[in-house]
Amino acid sequence: MAFGALLPCEECKGQFVFKSDAYYCSGDITAWTKCVAKTQTPNRKDWVIPKEFREIPYLKKFKCKKQDRVFPPDAATVNSAPPPSASAPLSEAVSAPRDKPLTNMKILVVGKLSKNKEEVKSIVEDLGGKLTTTANKATLCISTQKDVEKMSKKMEEVKEAKVRVVSEAFLQDVKSSSKDFQELVSLHALSPWGAEVKMEHEEMAVDGKSSKPPSTKSAGKVKEEQGPSKSEKKMKLTVKGGAAVDPDSGLEDSAHVFEKGGKIFSATLGLVDIVKGTNSYYKLQLLEDDRENRYWVFRSWGRVGTVIGSNKLEQMPSKEDAIEHFLNLYEEKTGNSWHSKNFTKYPKKFYPLEIDYGQDEEAVKKLTVGAGTKSKLAKPIQDLIKMIFDVESMKKAMVEFEIDLQKMPLGKLSKRQIQSAYSILNEVQQAVSDSGSESQILDLSNRFYTLIPHDFGMKKPPLLNNLEYIQAKVQMLDNLLDIEVAYSLLRGGNEDGDKDPIDINYEKLKTDIKVVDKDSEEAKIIKQYVKNTHAATHNAYDLKVVDIFRIEREGESQRYKPFKQLHNRQLLWHGSRTTNFAGILSQGLRIAPPEAPVTGYMFGKGIYFADMVSKSANYCHTSQADPIGLVLLGEVALGNMYELKNASHITKLPKGKHSVKGLGKTAPDPTATTTLGGVEVPLGNGISTGINDTCLLYNEYIVYDVAQVNLKYLLKLKFNYKTSLW
């Protein structure tokens with residue numbers, strides 16, 4: 001009363017509450033996100049004393065004088081709501097990783113490197129990390145391929161601790177490269193184990209307050225257990241009647257998930273709150289004994305991707321009691337009735353997630369049993385089909401994107417879900433570009449991570465607050481779209497006992513694939529194209545051509561016909577992850593969907609090509625542990641090119657232009673250009689173009705109509721990585 005009545009928060013209309021250093025808003029921006037507004041000078045109004053209280057002498061004489069509260073000099077100075085960057089926890093911990101990439105990481109060195117221990121220690125510390133000698137405390141291990149193969153006692157400890165081993169060159173790249181951290185780890189990986197990088201952050205558990213498991217009380221018989229979360233354990237799930245009993249219940253062999261009216265009483269819930277650093281799961285199941293009339297309610301909870309968490313099994317007196325308890329718990333955690341048809345998200349409440357218990361994967365495994373035993377395809381084509389339909393590679397790619405495979409397994413990837421995520425990125429990109437409020441960006445980030453669950457371990461989910469990080473997530477969704485296509489193809493269609501699984505999957509691609517004779521004239525031209533156009537700056541690896549395939553996608557040459565007469569048709573490179581090729585071959589190279597933000601792509605939404613093989617090969621995302629990649633050669637009808645030297649988010653080409661050429665400083669020698677099937681092949685050695693005021697090292701070619709592309713060849717390449725760049 002001494003300072004005046006507080007007006008509602010301008011950001012969310014919530015109530016301000018006084019704490020020691022400021023007034024904090026207690027409201028919510030949306031059902032997904034708490035308001036982070038705080039201020040030392042809130043807006044106020046005069047107190048209004050109701051008539052019935054004016055009999056009190058003090059209140060009868062009280063005259064309100066609005067004024068600011070005085071805070072101690074050491075109290076943090078904060079802006080009034082809505083703040084551009086008001087929340088300290090936000091600015092400290094949740095931005096996308098920046099200048100010191102090894103901050104809070106412990107690095108283990110095994111074996112003899114080209115630099116001595118003191119030099120390596122200095123480099124690691126300059127990058128924000130520290131050296132350790134203990135494997136189970138390490139975030140990363142730096143070693144050599146020779147030491148990995150030798151498998152010393154120390155390396156066995158590294159393997160046991162599932163610590164990723166990278167080459168010495170990683171330290172150089174992580175300091176200078178603009179690539180995503182996880183991408184660099186993958187690029188320099190020497191070990192097949194430890195796909196994820198463990199982070200050593202001291203952060204809070206599920207409730208943001210304590211890393212101890214919450215206490216549990218119950219009137220029934222209780223079994224409590226604390227141990228590794230499911231994302232840390234490889235679980236064999238037994239599916240009974242459409243759902244799997246959680247193995248942590250200890251009842252997977254004697255009970256099943258209760259079902260009533262076609263509805264399975266099992267739920268997996270998620271909650272992401274970037275302000276608190278929450279990335280939690282909550283699982284709930286009603287279990288029925290396989291033989292007797294006995295019922296249990298099982299629940300487990302914890303932080304995604306960590307060992308933090310616990311569980312509880314309660315035996316219930318009757319079926320009715322079990323159902324009632326399950327329904328009450330579900331409503332308590334979500335704010336919604338179990339029987340509600342339309343789910344409404346409430347503040348601080350969990351959100352239900354679709355979960356796959358492996359039914360699809362079992363069906364997929366049937367399609368790979370005995371693969372190749374009766375195939376009529378040439379052996380190189382068989383190997384290619386196995387490679388592009390490899391489920392483990394798809395999972396590995398998702399892990400590299402930090403996606404939580406427990407909450408978003410392959411079988412639950414949906415085009416609709418990915419398109420919704422694109423829409424959120426579009427909104428957040430707009431908010432960042434327009435200097436939108438931090439609250440708005442927070443809300444969109446929470447929604448994105450709930451829609452596409454991520455496994456950050458002990459790290460806080462990073463705020464989507466810079467365009468570079470948003471672009472990385474756009475590229476992640478681009479890849480997920482192709483993985484979704486591949487997995488849908490893999491599990492779709494009817495089984496044919498007379499056909500080899502490889503032949504069945506080959507037919508799903510609707511692409512004619514032929515092996516090109518390595519001694520043929522076209523093979524010689526293509527090999528020369530690979531040899532001559534390997535860029536000097538892409539010196540981490542050499543490329544060896546393993547196989548060349550001639551490809552013809554069903555209906556593509558017919559679609560390309562109108563552009564066949566267009567001048568300036570070139571045979572150009574396009575690289576991508578192996579997990580994307582089932583989608584590319586079955587549906588062609590595609591343009592990003594309308595929902596995707598245009599700024600996620602340097603020259604707008606189009607199909608990108610290069611005339612330097614290594615520029616495209618970099619997009620294969622191979623590593624020393626996984627050195628085989630695939631690249632395409634496509635006939636591209638370029639016509640009149642709109643030449644650019646800097647990024648331009650093209651939505652419509654200028655009149656009379658058919659494509660964009662991003663001008664590079666180095667390009668194949670034009671005097672060496674040859675032709676193959678009437679199409680130009682720019683296979684000259686890389687020479688200076690004389691263009692120095694461009695942001696590109698090498699040329700890029702972009703078309704904005706899928707019909708301007710006719711895929712001709714697919715190359716299987718081996719990336720021979722050099723052990724060190726120093």
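Just so it is clear, glycine is given a Cβ too, placed from its N, Cα and C backbone atoms.
Those TrEMBL annotations? Automatic predictions, nothing curated.
According to TrEMBL:
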type: REGION; residues: 73-95; note: region 'Disordered'
type: DOMAIN; residues: 97-173; note: domain 'BRCT'
type: REGION; residues: 202-245; note: region 'Disordered'
type: COMPBIAS; residues: 221-235; note: compositional bias 'Basic and acidic residues'
type: DOMAIN; residues: 254-350; note: domain 'WGR'
type: DOMAIN; residues: 374-491; note: domain 'PARP alpha-helical'
type: DOMAIN; residues: 500-726; note: domain 'PARP catalytic'
Counting Cβ pairs closer than 8 Å to the domain 'PARP alpha-helical' (374-491), the top stretch among 97-173, 254-350, 500-726 is 500-726
Model confidence over the domain 'WGR' (254-350), as mean pLDDT, sits at 88
With DSSP, how much of the domain 'WGR' (254-350) is helix, how much strand and how much coil, in residues? 16 helix, 44 strand, 37 coil
